[in-house]
Amino acid sequence: MFLAATTLAYGLALGAAVAAEPISVMSFGGAYQEAQRKAVFGAYAEETGRPVSEQEYGGEIAKIKAMIDSGNTTIDVVDVDAPTLLQGCDEGIFETIDWEKIGPKSDWLAGTTSECGVGTIVYATILSYDEDKLATPPTKLADLFDLANFPGRRGLWKNPATNLEFALLADGVAPQDVYATLATPEGLDRAFAKLDTIKKEIVWWEAGAQAPQLLASGEVAMTTAWNGRIFNANKEGRNFGIVWDNQILDSNYWVIPKGAKDMEGSLAFIRFAVEPKVLAGIAKYIPYGPVRTTAAAEVAPEDAKNLPTSPDNLTTSLTLDNAFWADHGDEIRKRFTTWLSN
Amino acid sequence: MTETLSLSAPAPPAGLGAALRRAERPNRLRAFALALPALLFLVVTFAAPIGLFLTTAVRNPEVRAVLPQTIAALDGWDGHSTPGEEAFIALAADLARAKEDNTAAALGKRLNYESAGMRSRIMSVVRHLGNFKDGALAPQFAALDPVWASPDLWAVIKRNASPMTPYYLLTSVDLGQDASGGIARVEESQAVFLDILGRTLWIAGLVTVATLVLGFPTAYVVSLAPSRIAGFLLLLVLLPLWTSLLVRTTAWVVLLQTDGVINQALLALGLTTEKLQLMLTRFGTVTAMTHIQLPFTILPILSVMKSIPEGQMRAARSLGAPPFFAFWRVYAPQTLPGVAAGCLMTFILSLGYYITPALVGGPRDQMMSNFIATYINRDLNWGMAAALAGLLLVMTLSIYLAFLRLVGAERIKLG
């Protein structure tokens with residue numbers, strides 16, 4: 001009798017444990033995952049009774065690949081950046097997403113839905129300047145290339161990606177035509193020729209943290225930067241302005257690694273994480289915009305002005321084409337290297 | 001003549017040398033056995049991995065492994081026109097297989113090196129496989145991307161059917177193969193690596209000269225100083241050597257930056273009226289590298305200088321040589337083995353610099369190692385990294401051998 005009772009009790013306990021088995025989610029750590037924890041993970045556990053077991057990584061696709069190759073996929077959902085999504089999708093290490101179970105694709109910004117991933121947030125490369133130092137602040141991206149009216153040095157990311165796009169945008173190419181133009185030799189020449197006009201004044205930065213430093217030290221009059229970095233610098237007391245014109249957007253995605261144990265559970269989590277209200281909550285903690293237009297409407301107005309996706313900021317933006325860079329990056333990077341040396 | 005010689009200098013009895021060698025053999029074996037662990041360690045952890053890695057510069061497994069049927073179908077192809085339907089059928093079959101094995105991405109990436117856009121072309125066919133209709137495949141491929149009708153594209157596939165490729169090695173010296181397989185210089189905008197190699201050699205040369213100019217007098221002073229002061233001076237030389245390279249480089253960033261110590265000091269002293277650009281320049285790179293390399297040049301020179309008897313200079317002076325003449329004709333030539341060793345060491349170590357140019361240098365100061373690291377870490381293009389590493393290794397070895405020839409192996413004293 002005693003034995004039967006303990007077995008029963010044990011069985012019940014086991015049953016309960018199975019029901020509340022946590023969903024394992026991996027993201028980038030830091031302030032970003034902190035924002036996800038506050039806006040998404042907590043709400044998910046509360047609503048479904050299923051806790052979220054968090055993992056962190058640095059974005060290395062090798063880590064996901066190694067887990068799948070070992071035959072034991074222990075993580076249910078992963079947050080990846082766009083190049084990783086592309087590579088992983090090509091190599092078949094992510095499960096195909098059943099969009100029926102997520103939401104209408106038309107609600108997502110163009111280029112942020114994939115057969116292997118669901119777009120979640122958008123960040124932007126923007127033009128920034130120090131409001132305390134510039135008497136006449138720049139108001140459009142083309143001012144970056146206007147040395148006559150806006151003299152001084154410029155900070156640019158030491159990478160052809162984003163700079164060639166900025167050059168064409170400033171040269172009058174419409175956002176939707178930028179990659180078609182860059183794919184032609186004449187278009188590429190045109191972009192480099194535009195960069196030539198400010199080449200002598202360029203200070204190159206490599207790590208994201210350098211851009212606000214260049215502004216703070218007065219080394220440059222203006223610089224391109226990642227919007228989260230500028231937001232953080234302002235939180236620490238700086239007074240940096242952002243030019244919301246022709247900013248270049250890039251997104252993160254939720255994916256399900258191949259062989260995930262509970263496909264339905266993973267899909268249910270993603271569906272919850274991109275629900276307009278939930279997704280909009282992230283913007284309270286970090287200035288990354290929701291990729292869903294219905295979510296953008298849910299963001300509090302005081303947060304919205306900082307977001308790359310707020311309707312006012314979104315009129316002239318360009319979405320970074322990672323497939324273009326996967327195809328042409330090698331060749332263009334070589335040309336960029338020779339251009340830098342001449 | 002030979003006869004006279006052999007008569008006047010009789011050779012030792014035949015077999016004596018051999019007997020001596022035989023007698024010494026156990027000793028030599030014992031000595032060798034003692035060195036064996038170190039040798040094995042070097043082979044296992046150093047020579048073998050590097051050797052294996054360098055072979056990736058010519059290995060070409062992707063096309064062969066993923067497209068066997070396509071290669072067979074292209075066997076009799078003339079190379080000047082669009083291949084026949086059988087090639088398209090074979091490619092579709094190979095790619096269907098690749099889709100299952102998840103090898104299509106690796107194939108696309110490999111072909112993309114030689115023809116930009118191949119990655120997305122391959123992947124779009126793979127995604128489209130289920131939608132192909134019955135009937136001729138060639139027009140359906142062309143509908144996806146008209147380039148599939150181009151013989152040049154198929155020539156790239158056929159060329160890479162062989163298990164070895166010259167692609168990476170040719171690219172590392174700015175050469176390439178055209179559609180017919182002939183070797184030609186790549187177009188101007190793609191020719192990067194010879195320029196980078198030249199830049200690497202030039203920076204290493206500048207650093208070597210700078211360390212010699214600064215290091216020789218320092219070594220001279222240390223060698224002449226009374227032993228207690230000499231010990232202290234030597235400590236000053238060695239102290240930087242015991243500090244991490246990264247720390248020393250970062251210290252230079254602090255000194256050189258626009259708002260840094262050097263600029264502020266110059267402004268305060270009224271020597272300059274505006275801040276100088278010292279960071280992200282060739283000057284900054286060479287200065288920081290010179291500082292880091294200085295001990296490597298000083299120490300061999302110092303050890304040679306200490307072995308030169310002091311009396312020689314006095315003797316030269318007493319025999320009437322003016323001070324500089326005595327120094328230049330008597331003292332300096334004897335320091336040559338140390339100078340040669342120090343310069344060689346600094347030059348070769350400088351060729352491999354990576355962190356310092358990356359942090360202190362501008363885009364024009366990035367050396368070969370920066371590009372090797374980029375290919376390994378970011379682009380995952382290990383073939384290109386191996387080819388560039390091989391090029392750098394060959395350059396280093398040839399310079400070393402040329403140097404030995406020039407100065408003489410016995411005249412280099414590495415410590």
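Along the chain as shown, residues are numbered 1 onward.
The backbone N, Cα and C atoms fix where each Cβ goes, glycine too.
Summarising the annotation, TrEMBL assigns domain 'ABC transmembrane type-1' to B:197-403.
Counting same-chain residues at least six beyond the ends of the transmembrane segment (B:31-54), those with a Cβ under 8 angstroms from any Cβ of the stretch are 382, 386, 389-390, 393. Here TrEMBL flags B:31-54 (among others) as transmembrane segment.
According to TrEMBL, the transmembrane segment annotation covers B:201-222 (among others).
Under the heading transmembrane segment, TrEMBL lists B:229-245 (among others).
The transmembrane segment annotation in TrEMBL covers B:283-303 (among others).
Here TrEMBL flags B:339-360 (among others) as transmembrane segment. Listed as Cβ neighbours of the transmembrane segment (B:339-360) (distance under 8 Å, sequence separation of 6 or more from its ends, same chain) are residues 200-201, 203-205, 207-208, 211-212, 215-216, 245-246, 249-250, 252-253, 256, 279-280, 284-285, 288-289, 292-293, 296-301, 304, 366-370, 373, 392, 395-396, 399-400, 403, 407, 411-415.
Residues annotated as transmembrane segment in TrEMBL: B:380-403 (among others). Cβ atoms under 8 Å from those of the transmembrane segment (B:380-403) belong to residues 53-57, 59, 113, 165, 167-169, 171-173, 193, 197, 200-201, 340, 344, 347-348, 351-352, 368-369, 371-372, 412 of the same chain, restricted to positions at least 6 beyond its ends.
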Message: With Cβ-Cβ distances below 8 Å as the criterion, list the same-chain residues six or more beyond the ends of the transmembrane segment (B:229-245) that contact it, or say none.
response: 218, 221-223, 291-292, 294-295, 298-299, 302, 355-356
